[in-house]
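Enquirer: Copied straight from Swiss-Prot:
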- HIS30, HIS78, ASP166, HIS170: Mn(2+) binding site (BINDING)
Amino acid sequence: MSFVPYSLPELPYDYDALEPVISSEIMILHHQKHHQIYINNLNAALKRLDAAETQQNLNELIALEPALRFNGGGHINHSLFWETLAPIDQGGGQPPKHELLSLIERFWGTMDNFLKKLIEVAAGVQGSGWAWLGFCPAKQELVLQATANQDPLEPLTGKLPLLGVDVWEHAYYLQYKNVRMDYLKAFPQIINWGHIENRFSEIISSK
């Protein structure tokens, strides 16, 4: 086996740190079970891919694409998701500053209006998926966009993800039941804008 298997990243906070917005029960299941399953399935697909490449089995290589896209996307999306959240008493919900705030105000007028639009995009996801704040390097602009299932933003659109809102039911159902909007309205309280600003600065400086 020539590939290095992926592993579950540690959370930068305790499982109960995002309460009352997200319960510890949800966080444990979401991280230890759901994210881990994506990683397990991704590694299994990569092992098959490694064998298929060795055997030059083109049919198998093509057949593996859906599993790589779904489980690889699940790992990419969740790894970013954990990093862009923070407990309320550790800066969660504190608005961004500097260039990122200026760009948000340029495209959406105010921070409050941006959050309203973000919630609208997330609420509009049919079934399971993600709502994203992304940066388009080609146009040097911020965008709000949804992706279905576990489709990752960057490989499919060329836009770089800054913030992702998980609107799969496993992200909220145990606490909010079928009222997705209550989850979305509470979500801005735990956005880690400090981390997102750092990520944005790294993107800008590398282009």
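The backbone N, Cα and C atoms fix where each Cβ goes, glycine too.
Since the structure is predicted, the reported quantities are computational estimates derived from the model, not experimental observations.
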Enquirer: Given a separation of at least six residues and a C-beta threshold under 8 Å, show me what packs close to HIS170 (Mn(2+) binding site) in the same chain.
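Expert: Within the chain, HIS170 (Mn(2+) binding site) has Cβ neighbours under 8 Å at ILE26, LEU29, HIS30, HIS34.
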Enquirer: If you draw a 10 Å sphere on the Cβ of HIS30 (Mn(2+) binding site), how many other Cβ atoms land inside?
Expert: 23
Enquirer: So, in DSSP terms, is ASP166 (Mn(2+) binding site) helix, strand, or coil?
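Expert: DSSP assigns ASP166 (Mn(2+) binding site) to strand.
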Enquirer: Near the Mn(2+) site, what residues other than HIS30, HIS78, ASP166, HIS170 in the same chain have a C-beta no further than 8 Å from the centroid of the listed C-beta atoms?
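Expert: For the Mn(2+) site the neighbour list reads HIS31, HIS34, HIS35, PHE81, TRP168, ALA171.
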Enquirer: Suppose we draw a 10 Å sphere around the Cβ of ASP166 (Mn(2+) binding site). How many other Cβ atoms does it contain, all chains included?
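Expert: I count 23 other Cβ atoms within 10 Å of it.
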Enquirer: 10 Å Cβ neighbour count around HIS78 (Mn(2+) binding site)?
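Expert: There are 25 such Cβ atoms around HIS78 (Mn(2+) binding site).
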